[in-house]
Amino acid sequence: MGLLTIIRKNKHKDREQRHLFLGLDNSGKSTIVRSLLGESTDDVSPTLGFDIRSIVHLGYTLNIWDIGGQKSLRPYWRNYFERTDALIWVVDSGDRQRLDDAKQELRSVVGEERLAGASILIFANKQDISGSLSAQEISASLTLQDLSKTHSWRIQPCSAITGQGLQEGIDWLVKDVGQRMYFELGRGEISASGQETRGVESIEGRTFTQV
């Protein structure tokens, strides 16, 4: 039995996944985390540094690292890349002026060797706001198809306030990490608002359990 086999068996036994939340400031990262945990999304303050939360979902313990997105904090993002299984990149769908900034920062992050192979979920947040860009428009602006060369990825339209799309996105991510770690690498997908694409199963009625 090789070392890689042993590592995979131990990881499977623990059934833990490390999820890293990143994105520009005011994209809604902390609000999404609170919504997933069933907590109030009122009066959410910007994350200064990082916050660690854990939930159990689909039989896995998800260790969620919510990292501040202010420009002054971005050079320190690399300190949190180690042993990351999944990257959750949050985009403000109504912030057209900073889409190019979001694209450049995402490119810089996914180019890091320590994130090589990590599953990537892009949350196109704030879909509840009038005039927000669609998932397809954001995907084109961020040229997400290029990620298919190196990562399994999906873009999911969502609203941190209403909860729309959050569960669908996390369901896909947890499954994809599990398949990638123990079976095989998946493929990038775009989820249209309210619909699943390319054969991904839509899972309804699941709840998250906070550790």
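Just so you know, glycine gets a Cβ as well, placed from its N, Cα and C.
TrEMBL entries are annotated by machine, without manual review.
Per TrEMBL, the features are:
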| type | residues | note |
| --- | --- | --- |
| BINDING | Gly23, Leu24, Asp25, Asn26, Ser27, Gly28, Lys29, Ser30, Gly69, Asn125, Lys126, Gln127, Asp128 | GTP binding site |
| BINDING | Ser30, Thr47 | Mg(2+) binding site |
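Each residue contributes its Cα atom, and for Ser30 (Mg(2+) binding site) and Lys126 (GTP binding site) these two points are 13 Å apart. The full span of the recorded GTP binding residues, Gly23, Leu24, Asp25, Asn26, Ser27, Gly28, Lys29, Ser30, Gly69, Asn125, Lys126, Gln127, Asp128, taken as their largest Cα to Cα distance, is 22 Å. Neighbour counts of Cβ atoms within 10 Å were compared across the binding-site residues Ser27, Ser30, Thr47; the minimum falls on Thr47. Cβ neighbour count for Asp128 (GTP binding site): 15 (other Cβ atoms within 10 Å of its Cβ, all protein chains included). Between the CA atoms of Thr47 (Mg(2+) binding site) and Gly69 (GTP binding site) there is a gap of 8 Å, rounded to the nearest whole number. With a 10 A radius on its CB, Gly69 (GTP binding site) counts 23 other CB atoms from all the protein chains. Long-range neighbours of Lys126 (GTP binding site) (same chain, six or more residues apart, CB within less than 8 Å of its CB): Gly28, Asp92, Ser93, Gly94, Ser132, Ser159, Ala160. In the three-state DSSP reading, Gly23 (GTP binding site) counts as strand. Its Cβ taken as reference, Asp25 (GTP binding site) is surrounded by 16 other Cβ atoms within 10 Å in the chains shown. A 10 Å cutoff on Cβ-Cβ distances gives Gly23 (GTP binding site) a total of 24 other Cβ atoms nearby, all chains included.
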